[in-house]
Amino acid sequence: MKILADQNMPLVEQYFADIGEVERFDGRQLTADQLIDVDVLLTRSVTQVNNELLAHANKLSFVGTATIGVDHIDTQLLNDKNIAFSSAPGCNAIAVAEYVISSLYALSQENARPLNNQTIGIVGVGSIGSCLAQKLQALNLTVLLCDPIKHAQGLLNEHVALDQLLAQSDIVTFHVPLIKSGEHKTLHMMDKARLKALKPGLTLINASRGDVIDNQALLEVMQAGADLDLVLDVWENEPTILIELLEHVRYASVHIAGHTLEGKARGTQILYQKFCELKGIEATKSLDEFLPVPAITQATLGQSFNEADIARLVHLIYDVRRDDGILLRDLANNGFDSLRKNYPVRREFSTLTIQGDSSQLAALAQLGFTVAN
């Protein structure tokens, strides 16, 4: 069995080597000819799986994407061709939520504005948005939720309409899929009219899809003097992003919000488990076998622990400003995709075990840290 996997997917050999021969490919350079005699295709979001790509896929029986979103996959085409498909729902939800939390604490420190005095609006309450909401609510922060699809399905009673949420929030973070048309279209949901109407001092965070915000309109609004704090991990037209926008962004990164070691490896594991299920193979391998011990594993709290100390713990594991520095310094020389490919190892909050008798331990556990018994 021949297995073709994106070069940036971790642990594919460890999970799939007993099943077949694993070959790697560049996610943006994959061609139809490379799929000749391939049985399994494992991708990420940079690869468009469409009729053109599958033109010579004579043996393909399974396509898996190690991502939550599936807007890069023609799922109807796969169904028509009787090719099994799986995404990896929830694989990087924790990672993206932690990216946002790191950004929130960094902004709070730099702007001298405590988080408990601010209202945070979350647009999109799927696996990532709901994960983030749970963590923020554990810290007793004020959170507003907007998800018209879930609301229509009766799954979100506390839904706040987008324009109302934008008006009432101090920070707005987007976690929606890219929907290009229809009633719930998210393509350019933040268009020039909405961007111009934003209240001064608002923080916008986008770690979903770059096309959710009209980047050219955002640049024009910022050039006209808009008072907005921007945290952008995703961009229109990646990897050829709008360079002029960078100087207006507080924290900028290269679509890596979900790129913890655990998050990426979890995506591979989910696809391995799904493939084994479809093929009737026993799934014997688990993530714990492969993850290395992190550099820092324990911390002890004192009684005087406060919000500033939570920020220090968060940034001990991951500080978004590190990635902002990498992008600004290296984009011109190395390019967007090279920075993604060579992204430094990043771990999740759960790798740090916290002990002590602080009253904050329960909140830290909800935030994702491991708390010693």
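Every residue number used here counts from 1 along the chain in the order it is shown.
Placement of Cβ uses the backbone N, Cα and C atoms for every residue, glycine included.
Annotation comment: Swiss-Prot describes Arg209, Glu238 as active site, evidence class sequence analysis. For His255, the entry in Swiss-Prot reads active site, proton donor, with the evidence type sequence analysis. Among the features that Swiss-Prot reports, substrate binding site is placed at Ser45, Thr67, with the record citing sequence analysis. What Swiss-Prot lists as NAD(+) binding site is Asp147, Ala207, Ser208, Arg209, Asp233, Gly258, and the listing cites sequence analysis.
Feature annotations (Swiss-Prot) mapped to structure.
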residue	record	CB count, 10 Å
Ser45	substrate binding site	22
Thr67	substrate binding site	21
Asp147	NAD(+) binding site	24
Ala207	NAD(+) binding site	26
Ser208	NAD(+) binding site	26
Arg209	active site	24
Asp233	NAD(+) binding site	25
Glu238	active site	18
His255	active site, proton donor	23
Gly258	NAD(+) binding site	26
Between Asp147 (NAD(+) binding site) and Arg209 (active site), the C-alpha gap once rounded to whole angstrom: 16
Close recorded positions near His255 (active site, proton donor), where close means Cα within 10 Å, chosen from Thr67, Ala207, Ser208, Arg209: Ala207, Ser208, Arg209
Of the recorded positions listed as Ala207, Arg209, Asp233, the one whose CA lies nearest the CA of Ser45 (substrate binding site): Arg209
Candidate nearest Thr67 (substrate binding site) in space, where candidates are the recorded positions Ser208, Arg209, Asp233, Glu238, Gly258 and distance is Cα-Cα: Gly258
Rounded to the nearest Å - Cα separation of Arg209 (active site) and Asp233 (NAD(+) binding site): 9
